[in-house]
């Protein structure tokens with residue numbers, strides 16, 4: 001290990017920055033964020049850096065560098081494009097045994113700046129020892145996506161009770177076990193879900209020795225339209241800590257594979273006129289599993305609150321006092337339209353968009369057809385494949401032109417995506433000609449014409 005990772009408390013200490021340009025500004029921002037007082041030395045200092053110095057309560061010295069500028073400073077930064085000057089600053093600092101960093105010159109440094117993930121008070125530093133800074137930044141970028149910002153709040157919660165826990169458990173092993181339970185259990189879940197007050201209440205109860213609640217928690221997670229890359233970070237995190245996953249037919253296998261490997265998987269999918277598991281039974285199953293103390297992911301295609309019956313499920317959970325979280329997903333209308341190259345709204349073609357269920361009941365649909373034929377709007381029908389002849393017929397009968405552009409998006413956002421475009425008049429015919437199957441989204445409106453020049457994703461299938 002060439003460099004020993006340390007965290008330096010600079011609050012209120014003076015730091016010398018030699019240089020007044022963009023490089024010096026970048027370093028000075030980090031230093032100022034740590035609460036240091038800046039001393040910047042350069043013949044010219046750019047405006048943003050000047051403001052930063054003033055905000056830190058520091059000083060600007062408008063001249064060339066002098067060895068006496070190091071007086072009273074605990075850290076030295078050489079941030080100029082003058083290599084001999086940078087080398088001189090490094091030598092002077094070393095002679096005084098003051099830590100020095102020379103930008104982009106590891107050989108002249110006694111300290112280097114890592115790539116930083118800031119979730120204060122939790123801070124993560126990644127360094128390549130100056131050998132591959134781009135690689136360190138790429139690793140930092142991955143960590144930024146893996147570690148929610150709420151981890152900082154979780155660390156802050158622990159900090160507020162640290163001394164109290166230390167007094168309760170004088171043995172370090174006991175304290176470690178206590179905090180591991182906190183960070184891996186329901187208290188952390190509440191804090192990460194944005195329920196800080198409840199997390200604090202539970203931590204106080206745990207410190208007081210009260211038995212923890214036996215109830216688990218349910219995560220209602222939107223799996224999006226099919227492409228795993230469209231999952232949210234929170235969805236992925238909760239999927240990977242679930243004990244049980246209840247999933248429906250619209251959840252792609254590639255998404256299901258991202259769940260925790262040893263989680264129990266329960267299929268509760270539904271097909272038209274064939275409910276594998278009645279909705280009421282799904283609701284009861286969620287309650288029963290949570291009462292067993294399990295973390296349950298209810299994984300639903302698209303967004304759980306858009307034609308997903310998510311509202312019914314959490315009503316049941318709320319009635320039984322079961323804690324739950326709702327993680328939105330990209331709904332099929334947004335995802336499939338984007339991957340098909342069809343903007344749902346457009347200044348020249350559509351000023352509004354409607355999401356509509358096309359599900360037939362007793363062979364018909366009970367929809368406000370007169371409203372649906374208004375101009376300058378896009379219609380998106382979910383579950384509309386079986387009822388498509390009725391939908392097209394009713395729209396034309398109520399005044400929508402038979403030549404209105406329309407599209408079918410089958411298995412949108414996946415490698416098996418197929419898109420077929422036509423008009424209201426021939427859309428049902430396209431279904432038969434190309435053997436189109438669910439899940440298929442129906443998009444109706446002038447915006448469909450834009451696909452000819454905006455299509456960008458074709459998947460593995462030909463489109464028409």
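Glycine is treated like the rest: Cβ placed from N, Cα and C.
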Co-listed S-adenosyl-L-methionine-binding residue [Swiss-Prot; alongside 225, 301, 302, 303, 306, 331, 332, 383] among 194, 269, 412, 422: 412
Between residue 248 (active site, proton acceptor) and residue 302 (S-adenosyl-L-methionine binding site), the C-alpha gap once rounded to whole angstrom: 11
Pairwise CA distance, residue 22 (NAD(+) binding site) versus residue 128 (phosphoserine), rounded so that it is a whole Å: 23
For residue 306 (S-adenosyl-L-methionine binding site), the one of 23, 44, 128 that lies nearest, given that the recorded positions are compared by Cα: 128
Maximum Cα-Cα separation (Å), residues 22, 23, 43, 44 listed as binding NAD(+): 15
Nonlocal neighbours by CB distance (under 8 Å) for residue 23 (NAD(+) binding site), same chain, sequence gap 6 or more: 79, 80, 81, 103
Residues 225, 301, 302, 303, 306, 331, 332, 383, 412 [recorded S-adenosyl-L-methionine binders]: greatest CA to CA distance in Å: 17
Those recorded positions listed as 22, 44, 248, and which of them has the most Cβ atoms within 10 Å of its own Cβ: 248
